[in-house]
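Trainee: Would you mind keeping the following structure in view while I ask a few things?
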Amino acid sequence: MAGERRKGMKFSKLYSFKCFKPFSREDHSQIGSRGYSRVVFCNDPDNPEALQLNYRGNYVSTTKYTAANFIPKSLFEQFRRVANIYFLVVAFVSFSPLAPYTAPSVLAPLLIVIGATMVKEGVEDLRRRKQDVEANNRKVEVLGKTGTFVETKWKNLRVGDLVKVHKDEYFPADLLLLSSSYEDGICYVETMNLDGETNLKLKHALEITSDEESIKNFRGMIKCEDPNEHLYSFVGTLYFEGKQYPLSPQQILLRDSKLKNTDYVYGVVVFTGHDTKVMQNATDPPSKRSKIEKKMDQIIYILFSILIVIAFTGSVFFGIATRRDMSDNGKLRRWYLRPDHTTVFYDPRRAVAAAFFHFLTALMLYGYLIPISLYVSIEVVKVLQSIFINQDQEMYHEETDRPARARTSNLNEELGQVDTILSDKTGTLTCNSMEFVKCSIAGTAYGRGMTEVEVALRKQKGLMTQEEVGDNESLSIKEQKAVKGFNFWDERIVDGQWINQPNAELIQKFFRVLAICHTAIPDVNSDTGEITYEAESPDEAAFVIASRELGFEFFSRSQTSISLHEIDHMTGEKVDRVYELLHVLEFSSSRKRMSVIVRNPENRLLLLSKGADSVMFKRLAKHGRQNERETKEHIKKYAEAGLRTLVITYREIDEDEYIVWEEEFLNAKTLVTEDRDALIDAAADKIEKDLILLGSTAVEDKLQKGVPDCIEKLSQAGVKIWVLTGDKTETAINIGYACSLLREGMKQILVTLDSSDIEALEKQGDKEAVAKASFQSIKKQLREGMSQTAAVTDNSAKENSEMFGLVIDGKSLTYALDSKLEKEFLELAIRCNSVICCRSSPKQKALVTRLVKNGTGRTTLAIGDGANDVGMLQEADIGVGISGAEGMQAVMASDFAIAQFRFLERLLLVHGHWCYRRITLMICYFFYKNLAFGFTLFWYEAYASFSGKPAYNDWYMSCYNVFFTSLPVIALGVFDQDVSARLCLKYPLLYQEGVQNVLFSWERILGWMLNGVISSMIIFFLTINTMATQAFRKDGQVVDYSVLGVTMYSSVVWTVNCQMAISINYFTWIQHCFIWGSIGVWYLFLVIYGSLPPTFSTTAFQVFVETSAPSPIYWLVLFLVVFSALLPYFTYRAFQIKFRPMYHDIIVEQRRTERTETAPNAVLGELPVQVEFTLHHLRANLSRRDSWN
């Protein structure tokens, strides 16, 4: 079986290239120094020297708490919040005589809130502990002292142990691969748990350790880097039989990755437990807090200030009243209080001290102004909101079986306030599914038909004729029959016709480069014989497929060769040719090119290279520039058609030159220093010169479904969209037109360094002069752009004002991001309707995002799909990852994940708007209900000469926030909708309510606070004045303290819950149950609590059953007070809807009118003034925000 497998998998010797073979000529200067001090004794963990090193064991714990520290550590986490600290202090003081109520009544709500959070933390930690136990107790085979493999638990592994891992098992630690079931020591690894990628990685063992028979007797020593978090790097040396062998990431198998398609592997443990790279990466992502949450903290501080002010005011009046209780001649004013025989708390002779102690009492008494359950309620609401986002079927992508995912619940409401979206292009706006559509060879363009971008652009400009539509449709039918990745048609070269072309030899060389210059893996289906390719990028896959379809089939590769089925251009027959693979000069974002060095069957050394035009044309030899002008013209046309282009070149290398270069290159590869990569790039740079131009490729990356409509809708919502792409300027501009980012009639402001003066300075090689001239050029262009937009900005409120689109390339962006120019660049950018940054590096993407976020102070959202977008996602206020073809790094670094860009429309305009509105209304209501309750205590205190006696029973106050008013507000935060999802999408301008923070402005917050204070005044004074002098009992007695307290408290509970009912726009049965159920729970509590013995129920004893409930006055006063307390809000809302309606009010009124009248626009006849005022106000604000200072 193993032999058959080896035979069938010969092709998989991919990474056993000669360039990866170990060499003993290594500089070990850094081994043993700081950062490179780890020593591993292979297969000898009991070595005395190994024992002295005392490395960590393989036991892993990801829990936050232990049984010993759970209570203190969890309590510490809870009391980091200022409000909780306040309530804790109050709880302690409640045991003193200063307390206006009993200690248990204070402790109960605090314990409930803290306890609920601690239970949540404990449950989550128990889940983590369960996962840890499962992982630590997994079994793995380890080589024992007897020379046989025995099973042991993961947690018992030690550094230096030799282990055997079987197919589909996870690696228990970071291992050095010694051998595998394959002859050449390779294995396939799935790294889903590390980076989210599902495609298999290929690893290979050093040739010296790949012999399975001698593996049990293997002894060696590894000196390598210390534990670190870098998943894709490893520096070390293996000392074996007197020789030194450099180690690379290709030999390292990381913990929690899985062995696939390989029967077994042998490995030696290098890093264990928390030293493994996966555990080194187990850190929390950057903490992000929404602007609403930050503002909420400010409101809490305001409430604390109000608390201190009213407590101080009460203590001053109390001190004055206490001082007056005894006049200078010793006469007592309030003799019935016996001020001559009292404690310091009421002693007229020590009035200042009495006032101070009263101040402390008042701080506790009015503490209900601070909402103790606010934070917990918001956490619950946000989690439930996240569940709704995750379950939204409209954001589920059936083709990939990927739903939307809220990876954090902290930023739900922030989704409703996004001002600027910064988007990657490839894989985000486009499908990242490359198709070979055109090419230029020897100055001749090949490939028929129009691209998707060309069609969209011509349709937008109204230039598309019926004949062109028919031609393109016929080509589309051919494309549907083509294989994936190849939508090319040109009768001159398909089906082997290229051999009849006058430049057939150059065509042969062109496609030969495409078939050889790559790192793809051929996979042959044993049943059908069909070959598929595993490539590092969709571009590479498209090139290999294109070369195969045009007669150059890549079918096998080993560590030293690449084999092709080729069409011979002389005979037209297929022949097999084997090319010896010597070195691969890998692609990187800085190099922007890739090359391979091969020896062809004629024994000639060839360098085959492909790369970006910005770097390749500079490397052409003088005699290799034939057809350069034509090729550049074709590249420009391809870019205008939205295609991605690469330049294809080659050169023949002299044998002597190669020998000298190879020695330098190999020396660079075997270095163990920080500048190793730079030295490798420098060596590669020396051979990649004097190239001969063959032509260029053009691949199409089609737009994702629904992207233009999504961008159009977001633009209507007033959201600005920036595209940050690595593409050429022409490509980016035309993609911008195709996806509606740029529109016909929009004036483009192009900022670039393509000027003859700067090019002349570059040729002279004067870098300082180039930098200075470039800086001045960008400064001038930015100021010219500012002058163009100035007139429009001054008249921004006018309809149909001119629109601008800013396009800036990567070189220009480098200078625009300079601290001296960034302010001008940003001000110009935010005056434009669309911004495209071309040729952007990953670092520039992150810097632009930071500039927009910090410079505007508004909410930014970054969206991308690749590892190069991670910095941008983490820098933005909100990071959205696209789960696309470039792995899952972006998703794992994001706050929200969606499968397609078009789902961003619903995520923002629907869920963002709802969450923003729910959270803001929820917070405002929280402060309203606490002020309405807390100020009734203050008014009663003032009425009772600030005696320090609360108006209510202790347990009434304790249960207010926890039981009688908490559930309705949670229901509000989860279920309320001002308008339906359909209307959110139909009227995108509604989204501006969140962007402009209309619903959480200081005006609105203070308005709700004022509403609470007014309600408290009405409740208190109306209750006092209607009940204090009236006969309440049948025997003529007036109300006492306990009845008055129950009546006021009932009025508060009814008022705040009815206020909730009239504030809600979208009722569900859950909200009905919670609102009216909370009122019912209050009466149920009153009956049960009042039936307890008087020693416990105190003033509540039978007060409702025997006194309040039987009295008609109680119910009459309750109705009158509640109605009167709600009347100011009713009045305000009626005025607002009539004269200053909010945009959602207009929509709701319009929909209501449409349902009751046949005329669909009847509301516009009834509310013209309101509509025009509101729309004008929104547009004015929308334009005004574009002027940044």
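Keep in mind that glycine also has a Cβ here, set from the backbone N, Cα and C atoms.
The topological domain 'Cytoplasmic' feature in Swiss-Prot is assigned to 1-71, 121-299, 377-920, 975-1004, 1064-1069, 1133-1189; the stated evidence is sequence analysis. What Swiss-Prot records for 72-93, 98-120, 300-321, 359-376, 921-940, 955-974, 1005-1027, 1041-1063, 1070-1090, 1108-1132 is transmembrane segment, and it gives sequence analysis as the kind of evidence. The topological domain 'Extracellular' annotation in Swiss-Prot covers 94-97, 322-358, 941-954, 1028-1040, 1091-1107 and is backed by sequence analysis. Among the features that Swiss-Prot reports, active site, 4-aspartylphosphate intermediate is placed at Asp424, with the record citing similarity to another entry. Annotated Mg(2+) binding site per Swiss-Prot: Asp865, Asp869, in sequence order, evidence recorded as similarity to another entry.
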Trainee: Residues of the same chain, at least six outside the transmembrane segment (98-120), with any C-beta under 8 angstroms of its C-beta?
Mentor: 71, 74-75, 78, 84, 87-88, 90-91, 345, 357, 360-361, 364-365, 372-373, 376, 379, 948-950, 954-955, 957-959, 961-962
Trainee: Among the recorded stretches 921-940, 1005-1027, 1108-1132, which has the greatest number of Cβ pairs closer than 8 Å to the transmembrane segment (1041-1063)?
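Mentor: Between the candidates 921-940, 1005-1027, 1108-1132, the best contact partner of the transmembrane segment (1041-1063) is 1108-1132.
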Trainee: Check the transmembrane segment (1005-1027) against the transmembrane segment (300-321) for contact, please; criterion is three or more CB pairs under 8 Å, pairs 6 or more apart in sequence.
Mentor: no
Trainee: Looking only at Asp424, Asp865, Asp869, which of these recorded positions has the biggest number of Cβ atoms within 10 Å around its Cβ?
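Mentor: Going through Asp424, Asp865, Asp869 one by one, the largest Cβ count within 10 Å is at Asp869.
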Trainee: Using a Cβ cut-off under 8 Å, which residues of the same chain at least 6 positions beyond either end of the transmembrane segment (72-93) come close to it?
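Mentor: For the transmembrane segment (72-93), the sequence-distant neighbours (Cβ-Cβ under 8 Å, at least 6 residues beyond its ends) are 64-65, 99, 103, 106-107, 109-110, 113-114, 117-118, 121-122, 300-301, 304, 360, 363-364, 367, 370-372, 374-375.
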Trainee: Assess whether the transmembrane segment (955-974) lies in contact with the transmembrane segment (359-376), where contact requires at least three Cβ pairs under 8 Å among residues 6 or more apart in sequence.
Mentor: yes
Trainee: In the same chain, who gets a Cβ under 8 Å from the transmembrane segment (359-376) while lying at least 6 residues past its ends?
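Mentor: Tertiary neighbours of the transmembrane segment (359-376) are 81, 83-84, 86-87, 90, 93-94, 98-101, 106, 109-110, 113, 116-117, 296, 300, 303-304, 306-308, 310-312, 314-315, 923, 926-927, 930-931, 933-935, 937-938, 941, 946, 948, 950, 957, 960-962, 966.
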Trainee: Report the DSSP secondary-structure composition of the topological domain 'Extracellular' (94-97) as helix, strand and coil residue counts.
Mentor: 0 helix, 0 strand, 4 coil
Trainee: Which sequence positions outside the topological domain 'Cytoplasmic' (1064-1069), separated from its termini by at least 6 residues, show Cβ-Cβ distances below 8 Å to it?
Mentor: 971-972, 975-979, 1148
Trainee: For the topological domain 'Extracellular' (941-954), what are the same-chain contacts with Cβ under 8 Å, counting residues 6+ beyond its ends?
Mentor: 100-102, 104-106, 314-315, 317-318, 321, 358, 361-362, 365, 1020, 1024, 1042, 1044-1045, 1048-1049, 1097-1100
Trainee: Could you count the residues of the topological domain 'Extracellular' (941-954) that DSSP puts in helix, in strand and in coil?
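Mentor: Looking at the topological domain 'Extracellular' (941-954) with DSSP, the answer is 4 helix, 0 strand, 10 coil.
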Trainee: Should anything in the same chain at least six residues away from the topological domain 'Extracellular' (1091-1107) have a Cβ under 8 Å from its Cβ atoms, list it; otherwise answer none.
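Mentor: Residues 953-956, 1032-1033, 1041-1043, 1045-1046, 1083 contact the topological domain 'Extracellular' (1091-1107) from elsewhere in the chain.
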Trainee: Excluding the flanking five residues on each side, which residues at least 6 beyond the ends of the topological domain 'Cytoplasmic' (975-1004) place their CB within less than 8 Å of a CB in that stretch?
Mentor: 291-292, 295, 394, 416-419, 713-714, 716-719, 858-859, 905-906, 908-910, 912-914, 916-918, 920-921, 923-924, 1064-1066, 1068, 1070-1071, 1142-1144, 1147-1148, 1151, 1175, 1178, 1181-1182, 1185
